[in-house]
């Protein structure tokens, strides 16, 4: 049987052929307690109940950076297998223009294809400098951008599904900066038990020092809109062997095992993606 081909419309071909920017231009919480009339039974049960300290502020206020008002959007696009190359070409033709246009308060942080994990998937990370007002300003302007609307129409024909989240960055991580390649990237996603985000952040604020010797720490984020109590840690490595050696080295450092001991019970589900950057990605 002949392989399926991704049919590219004339409109999409026009987008491909428009001038592209040069590569150099892209450069926590709740508390749970059980009480009983039987004081002895209550005391005994309290030994086994995981307590989380009550907080007076939202975890987004306590954990995010105070000196910036950056908001991030992460997009996951599941692409028809026969359309992945065309999807990448279309993306590389259009998205850099938004990144470079100063009229749009948004910038590309990274663009990847998933190598190990969900196949035929693209992941995009955007930064909105100015928080929610910047996001809304950008969205309103895009409604009147004919080229972007044409791009979305063509892109929709290539997708099986898509989803996104709005994120804030942890205060103890460095802000993601463009980096030269070649690198592979690992996106480790943790779905936490509700009410444990503060505890997660406190432990990682102490533990991040064990994971910075090879400059592998790129960024750390937690969800605000979309699926909640989700954490994303983004790492960069030269290759898979470097990843293994770097992670093994962390286990030889006193204190890293303690972080794992205290954070593992907070996790409901975790996932790892190994990703390859697209040509337009500022993170190479």
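Quick reminder: no glycine exception, Cβ is built from N, Cα and C everywhere.
Swiss-Prot lists 65, 66, 73, 80, 143, 146, 191, 193, 279 with the feature N6-acetyllysine. Annotation source Swiss-Prot lists phosphoserine at 129. According to Swiss-Prot, the N6-succinyllysine annotation covers 146, 193. Feature annotation from Swiss-Prot assigns motif 'SIFI-degron' to 2-15. Annotated transit peptide per Swiss-Prot: 1-35, in sequence order, evidence recorded as sequence analysis.
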Quiz item: List, in sequence order, the same-chain residues at least six positions removed whose CB sits under 8 Å from that of residue 143 (N6-acetyllysine)?
Solution: 149
Quiz item: Could you give the Cα-Cα distance between residue 193 (N6-acetyllysine) and residue 146 (N6-succinyllysine), in whole Å?
Solution: 43
Practice problem: Starting from the Cβ of residue 80 (N6-acetyllysine), draw a 10 Å sphere and report how many other Cβ atoms land inside it. | Solution: 15
Quiz item: Going by C-alpha distance, which of the modified residues 73, 80, 146, 191, 279 is nearest to the residue listed as 'phosphoserine'?
Solution: 73
Quiz item: Just how many other Cβ atoms lie inside 10 Å of the Cβ on residue 193 (N6-acetyllysine)?
Solution: 16
Quiz prompt | Alpha-carbon distance [residue 73 (N6-acetyllysine); residue 146 (N6-succinyllysine)] in Å | solution = 22
